[in-house]
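The transmembrane segment annotation in Swiss-Prot covers 13-33, 59-79, 96-116, 127-147, 148-168, 178-198, 201-221, 237-257, 274-294, 325-345.
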Amino acid sequence: MNPLIMSIIMSTIILGTLIVMTSSHWLMIWIGFEMNMLAIIPMLMKHHNPRSTEAATKYFFTQATASMLLMLAVIINLMYSGQWTGMKLFNPTASIIMTLALTMKLGLAPFHFWVPEVAQGIPLSSGLILLTWQKLAPLTVLYMISPAINLYLLLTMSMASIAIGGWGGLNQTQLRKIMAYSSIAHMGWMTAILIYNPTMTLLNLVIYILMTTTMFMLLMINSSTTTLSLSHMWNKMPLITTITLVTLLSLGGLPPLTGFLPKWMIIQELTKNDSIILPTLMAITALLNLFFYMRITYATSLTMFPTTNNMKIKWQFENTKHLNLLTPMIVLSTLTLPLAPMMTILN
């Protein structure tokens, strides 16, 4: 893609998100969502093939439906409040419709079907934007309207997302689909704590973006899109492959890695709010995610057969030059659990 066109598209994506995050006028928020959606579609179709076109079409229809529901909720709220500004929702129907619209944009269950399909059909770089940056705007609006959200509706969708994020990834060999199901599960964890402690949602979002960005950057370096291709990388780039597997385990929430921190804090916060059954179910269901990450780790690193490496040494080290940029990301996404005592400021 032409660098000038790419810079314009990226600027529009960033501008659309910033408009949503900084506006208190519902029409401007809707416009920000539309700018963001229309700008990212060329990014999804960066590679001209039928799969990318299909993925972009699915993304467009889903986001357009969500935008339509969002505008419907805004109009219903306008009828009861008489104003476009302010984040307070005056009608329970408007609150429910807006929650459904925003969760559809996020990819929460039962509106999760588009996430794996779109992620599988697009390049890794576009998948990184889709699963990280594109979550900021809907989560910001959910954060702002959290006092008016129906608690039981959001908790039901959160629990369903965590369960589907675990079950859906069990039989997958495509790494992009695995990352998509991981995204669905993480969104479930974020929205489960949103009403009780919105600040903890932001902590979870930051850690999720760090881990997902690190994972996609590693996959882009070793050009792996399936578990089979990842296992072949072991003899070529052992360091990159090892870090990739550790980052995967961190995404699954295995202690003592960084990914365990938000799960620990969320379960603790839910327990403080006299919720016992929900965090228990969430913890049990999170084991599904950890299982398929462990399976990838086992298949990639623990079942290697003896081979000789015929690759030239120079070729081996060509791809490690990008590690300088990755080093802080890797540290943050795997080794920040000792910072847990500092998180008491969130309570």
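Keep in mind that glycine also has a Cβ here, set from the backbone N, Cα and C atoms.
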Message: Which range wins on Cβ pairs under 8 Å with the transmembrane segment (13-33): 127-147, 148-168, 201-221?
response: 127-147
- request: May I ask for the residues of the chain that lie six or more residues beyond the transmembrane segment (148-168) and have a Cβ under 8 Å from a Cβ within it?
  value: 88-89, 92, 95-96, 99, 103, 108-110, 112, 116, 142, 177, 181-189, 191-192, 194-195, 278, 281-282, 285-289, 291-292
